[in-house]
Amino acid sequence: MDVKACYQNAKALLEGHFLLSSGFHSNYYLQSAKVLENPKLAEQLALELAKQIQNARLNIECVCSPAIGGILAGYELARALGVRFIFTERVNGVMALRRGFEVKPNEKILVCEDIITTGKSAMECAKVLEEKGAHIVAFAALANRGICKRTHSSLKAQEDACLPSELPLFALEDFVFDMHEPKHCPLCTTSVAIKPGSRGN
């Protein structure tokens, strides 16, 4: 499946000067919501991702996503895997498990995002679940921005990667774009970074 083409066809691969939720600036932005607004395409992407996870023979009892960006991807992946789905959300800037969601002791949970950049949000989600007694077995995303090490990819983890190296990250594609710390961003000399979504927008 050509994931890049899916993003391009959905006009979800944006070019400009963007502030990512990770804090980095980039000349490209992946707007997964535009891809996932098509239920059939969302289902197909999730089924492809589920195949990787099933081939790894992991025992997964639940999928959890950090709101808001990961919810659609996580729900579709849970459906493809035949397991339940829950999500965490920020309350006054702190990730929390709410809405009556519960975690069983040692419940095997996969954390799913739409896009993984550094993995910071995914780790915040995982920490909340672990504090409730869950056992995190893997991470997943539709696309990986190349900072974290993806299963079946030749790319190595970068210094800013937050995901633990001992757990697998499943994703359909690596999207490797230039990313800059704000104080060293060459794009800032000619324009101001915009934030098209996720946190706080």
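Just so it is clear, glycine is given a Cβ too, placed from its N, Cα and C backbone atoms.
Listed in Swiss-Prot:
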BINDING   E113, D114, I115, I116, T117, T118, G119, K120, S121  5-phospho-alpha-D-ribose 1-diphosphate binding site
BINDING   T117, R145  orotate binding site
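Feature annotations (Swiss-Prot) mapped to structure.
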| residue | record | Cβ within 10 Å |
| --- | --- | --- |
| E113 | 5-phospho-alpha-D-ribose 1-diphosphate binding site | 27 |
| I115 | 5-phospho-alpha-D-ribose 1-diphosphate binding site | 23 |
| T117 | 5-phospho-alpha-D-ribose 1-diphosphate binding site | 27 |
| G119 | 5-phospho-alpha-D-ribose 1-diphosphate binding site | 27 |
| S121 | 5-phospho-alpha-D-ribose 1-diphosphate binding site | 26 |
| R145 | orotate binding site | 25 |
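Each of S21, S22, A122, A141, R145, C148 belongs to the same chain as E113, D114, I115, I116, T117, T118, G119, K120, S121, is absent from that list, and has a C-beta within 8 angstroms of the C-beta centroid marking the 5-phospho-alpha-D-ribose 1-diphosphate site.
Put simply, R145 (orotate binding site) is 7 Å from I115 (5-phospho-alpha-D-ribose 1-diphosphate binding site) when counted between their Cα atoms.
The DSSP secondary structure for E113 (5-phospho-alpha-D-ribose 1-diphosphate binding site) is strand.
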